[in-house]
């Protein structure tokens, strides 16, 4: 096998610097070094570079020249240095150097694009994204897309939160309505609906009454024990039980004093403070309630049924948190109402000075038998003038008396009860001593109707002070044992201003209902608060309705008689006429 000998060429030495010597310098020398320098490829350029530049290929031995005529004239058809020629041909798109036919003017129009990513900030959110997604896009464009996606994600998250909150509120609203959907009285098939009045009409009413006249004061009052004003959650007091004392919840028409006053023709309208307070605060109510109305001659009696909802005290009526619907649950609306009534009775007797001293009045308790132990209560029969030919007499209750500034002052005693802090969100044992305002604000939100009715009753009775106790369970699951945590006192007029209870609006509601009922014929009627809508309805019922031998057969809601448009318009027209009469009287008084 014959092989060609491999000839080693001499490596030229450059005495002037690094790298091969310039070929132009070796023209006359005949040394091997000069000969090797003369054989160097003349068209291999030198390009300066930095470490941040991308490196391309040194030579491309597989490239076919697409435009051979553009090759510079080197005097040889097959120039071995063509593969190294960077100036005449674009070797690769990755180099960033190209020539358009070797024209220097066109080459000057090209600009290198900075491919370096922008410097990352040392602080700020570290958003994660796929580095291999859209690799061909520039880094600036990629950052803009990341910001746009971030904004879209924020909008989507806000939209989901908004929908979640709306659905959550709707669920609570539906559950709240479902818990209070049952009517306080079963609507019978033979009942005839006469009027339907929305609460929005009540809010526009206003009527000013003159100072009432005291007709009679019955019963006896014990003095308030001021030591209970010093009670705090740290020195709580156990709530006692007063089983031997009798409490009376007598309706209007069964009151012997009211019967006597009606016989003496002292007034045309008769009611109790609890019934009037229910009417005055009707727009704040959520649960269903009912009032029996009897028209006898030219007189009107507002009564309550035996075992009526008015005998109980609502708990968490105006709260957004739903209560258990099961009647057997200790935290259901009915169970809490019974518990609240029991707490109020015991609280009103425990905070008294039990030394036998009692303030007596004109007559004894009209409902007590001789020798019977009765609770401390006084009944104040007062008369208001509603019109020139119309007066209203109401029986108002007071629970205690005290000497304030050497003057006799009448008090009303009521108690708020805490059953489970998780429902209200405020633990009384932790907040009562340091944040009483927050506790009271929470109670106004959850029990606004009950507090408004207590205030209305205190105003009707002309009480000098309202005492409100804060009573809590010993344990959230123990509804028999309770403790008194604190007692606060308020003036009724000042407290009415705090809870936005307008006296003129209260009497405007009563006046409109009385005017509407005085237009009815003699008979028995019932006014029912709708269980699911903010409105009241007036039904005509048989004379034997709500008697002991009267059997009630509930009628489904969809089969109940609905009011005609004429009746609805008639009720609104009556209310509007009452409002016009009030405005005319006000103008005459100013004139």
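Each Cβ is built from the backbone N, Cα and C atoms, and glycine gets one as well.
Listed in Swiss-Prot for this protein:
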| type | residues | note |
| --- | --- | --- |
| COMPBIAS | 123-135 | compositional bias 'Basic residues' |
| COMPBIAS | 140-159 | compositional bias 'Basic and acidic residues' |
| COMPBIAS | 549-560 | compositional bias 'Acidic residues' |
| COMPBIAS | 579-591 | compositional bias 'Basic and acidic residues' |
| REGION | 100-159 | region 'Disordered' |
| REGION | 309-323 | region 'RNA gate' |
| REGION | 549-591 | region 'Disordered' |
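Regional average pLDDT for the region 'RNA gate' (309-323) in the model is 87. For the compositional bias 'Basic and acidic residues' (140-159), DSSP puts the residue distribution at 20 helix, 0 strand, 0 coil. Helix, strand and coil counts under DSSP for the region 'RNA gate' (309-323) come to 3 helix, 0 strand, 12 coil.
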